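Visitor: Shown below is the structure under consideration.
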Amino acid sequence: MKYTFLAFISICLLLSGCQTEMKPSNSNKKTELVISAAASLQDALKEIEASFHKQHPNVTLTNNFGSSGALKQQIAQGAKADLFFSAAEDPFDELVQSGDIDQDYIKDAIQNELVLIVPKDGSSSIKSFQDVRHVKGKIALGTPESVPAGTYGKEIFTQLNIWDQVKKNAVYGKDVRQVLSYVETGNVEAGVVYKTDALVSKKVKIAAEANPDMHSPVIYPVGIVKGTEHLTEAKTFFQFLQSDTATSIFKKYGFQVS
């Protein structure tokens, strides 16, 4: 009986050991990162994320695209986000100052340009930003208070001393992609967007490129949101955004890499 009992104990220990070995390792644990990013980054960022996922299949990237001003408000109010990729320095800097962005993980990643676009199939006579003052139809801009492209557009028209005329015919979009859509559908005669937005659309053409001296620099800072529950994975993606792979993709879509 004694030997039978010992044999029973041995079998139990053996089975217990097997079960321990069969447990999945933590290396297979799935992690979701939420990326709050400016709407103008949609195309480039999705391609970059696809490349990242091939190297890091256990990390899922969920995007929250919108205007930088609106995204800043969301993060400040506690909305879930692991990284913030802004199309302007002001909303980003506000989060840095409030302690919502980790100062150890900040990078001015890329730059962009402002352009004036018109419907591709139209017969617009607009050839410059100055010409907008003669337009009788509507002009699309991002809401200057929350959409950086709209802020830059207002700066340009103010420099040209025609803002009072332009705003009478202005239609405001919630983000730069909505402005692009207004022009694509012919609902407005012209719109101010980033050059990268114009390049991804087959329905618009660039009527004029803005003189960079007439508006604030279009700089896109990116950083890790302080208090993220996935700092290791967030750091990995933050670093990947600065890799040769990401740089090539950004350039492909017309961004200038800092």
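The backbone N, Cα and C atoms fix where each Cβ goes, and this holds for glycine too.
Those TrEMBL annotations? Automatic predictions, nothing curated.
These figures come from a predicted structure and were not determined experimentally.
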Visitor: If TrEMBL says Ser40, Ser68, Ala149, Val176 bind molybdate, which of Tyr105, Tyr194 does it name for the same site?
Guide: Tyr194
Visitor: Specify all same-chain residues, apart from the site residues Ser40, Ser68, Ala149, Val176, Tyr194, whose Cβ lies within 8 angstroms of the center of the Cβ atoms of the molybdate site, ordered by sequence.
Guide: Ala38, Ala39, Ser67, Ala87, Asn112, Gly142, Val147, Pro148, Asp175, Arg177, Val193, Asp197
Visitor: What's the number of neighbouring CB atoms sitting within 10 A of the CB on Val176 (molybdate binding site)?
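Guide: I get 31 for this one.
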Visitor: Write out the long-range same-chain contacts of Ala149 (molybdate binding site), meaning residues 6 or more apart in sequence whose Cβ is under 8 Å from its Cβ.
Guide: Ser40, Ala87, Leu114, Leu141, Gly142, Val176, Val179, Val192, Val193, Tyr194
Visitor: My understanding is the cutoff is Cβ-Cβ under 8 Å with a sequence separation of 6 or more in the same chain; which residues meet that for Ser68 (molybdate binding site)?
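Guide: Ser68 (molybdate binding site) has long-range Cβ partners Ala38, Ser86, Ala87, Ala88, Pro91, Phe92, Ser146, Val147, Pro148.
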Visitor: Among all protein chains shown, how many Cβ atoms are found within 10 Å of the Cβ of Tyr194 (molybdate binding site), not counting that one?
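Guide: Total other Cβ atoms inside 10 Å, all chains included: 28.
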